[in-house]
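Student: Taken from TrEMBL, the feature Zn(2+) 1 binding site applies to 85, 96, 192. Residues annotated as Zn(2+) 2 binding site in TrEMBL: 96, 131, 384.
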Ligand SMILES: [Zn+2]
């Protein structure tokens, strides 16, 4: 069976995307299915109903990850798993995550429709809480599966109403499931909307994701001494605000060193926060990213050297910097990613290599087993938004690429 000989049913895929979007539908045309809510569970049950029509074996684990299996000829081999997530952001979109799950179902059903027996089993995985909106951290289910987070830790995580992940897992019966990680996966594929404008801008249909950015997060504080805005002469004040101006300039200089670099100040607090009080302390966060680990290290060094220079020049304030998180660069499997490119080329779909600027469950999986991530365009690069849209043609193109790669991987003997 060669690539492109069979194709998924694009009309069925679109119909199901639209049916799923009805659960938690929002007035602005999006979906609202926060993780482990009644709406999220209803979405899972709709999906499982479609799986039941085909008689696929279904299991779940204690963090609520769902595993659907289409058996192969040799079920002692570890499966190829294709997955993503069904939860959404608040007033989120209809495609982020959902496309990956329903395209995976298309792959299994297309194998059935064409009476193709694979050698290894082919699984669908629905990961719990990819979005990280109601409960943090994001990519929770895949993180627990891969041993990055403990089940105990995530069970004790609370939402803003004080409800725990554990209580919600118990409520839906997931706590009766398999021990997380017990379900082996040999290789992993994921289709996702790009969530950025690169593919649309270049007229490309398929993004072969080479990797994900390396990320460093910092907390930075500038300590001075608060005082009344009027009585103290400027030269005698210990005001951290002029130093903040230089810090902001430094951070964005670091991020503008080359096109692939990113720098962001996302949180900024001046205390006590009163119009006639000079702040005694300013706290801010800094997020630095680059797809090359060595370049991120250079950005880190430039940032720290710039702060040292600033501290030498501004003796009246104390600058302190703490790195609070480092996520190393993620690299996807060369052979699987090459199969993605070949499938796209074989189907006449424009393809280009891209770097993922957002996190995905595939990041956790890529550190554990050979994995590939496939992107399709989304209109105006919009996601986490009710207006998020990918066309039926692009959704089908992505699902067909998954199908081709699955045929190549799972039929190899
Ligand atoms: Zn997603």
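First residue shown is number 1, and so on along the chain.
Backbone N, Cα and C atoms are what each Cβ position is placed from, and that goes for glycine too.
Small disclaimer: the values here were computed from a predicted structure and weren't measured.
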Student: Are any of the binding-site residues 96, 131, 384 near ligand 1, with a Cβ under 6 Å from it, and if so which?
Tutor: 96
Student: So among the binding-site residues 96, 131, who's got the most Cβ atoms within 10 Å?
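Tutor: By the 10 Å Cβ neighbour count, 96 comes out on top.
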Student: In DSSP terms, helix, strand or coil for residue 85 (Zn(2+) 1 binding site)?
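Tutor: SS state of residue 85 (Zn(2+) 1 binding site) = coil.
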Student: By a simple count of other Cβ atoms within 10 Å, which of 85, 384, the binding-site residues in the record, is least packed?
Tutor: 384
Student: Roughly how many angstrom lie between the C-alpha atoms of residue 384 (Zn(2+) 2 binding site) and residue 96 (Zn(2+) 1 binding site)?
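Tutor: Taking the Cα atoms only, residue 384 (Zn(2+) 2 binding site) lies 8 Å from residue 96 (Zn(2+) 1 binding site).
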Student: Within 10 angstroms of the C-beta of residue 192 (Zn(2+) 1 binding site), what count of other C-beta atoms is obtained when all protein chains are considered?
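Tutor: I get 28 for this one.
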Student: Between residue 131 (Zn(2+) 2 binding site) and residue 85 (Zn(2+) 1 binding site), find the distance joining the two CA atoms and give it rounded to the nearest Å.
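Tutor: Their Cα atoms are separated by 8 Å.
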Student: List the other residues in this chain whose Cβ sits within 8 Å of the Cβ centroid of the Zn(2+) 1 site residues 85, 96, 192, in sequence order.
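Tutor: Counting only non-site residues, the set is 84, 95, 97, 98, 99, 100, 130, 193, 360.
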Student: Once 96, 131, 384 are set aside, which residues in the chain still have Cβ within 8 Å of the Cβ centroid of the Zn(2+) 2 site?
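Tutor: Residues close to the Zn(2+) 2 site, other than 96, 131, 384: 88, 89, 92, 93, 97, 130, 133, 195, 383.
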Student: Once the DSSP letters are reduced so that anything not helix or strand counts as coil, what is residue 192 (Zn(2+) 1 binding site)?
Tutor: strand
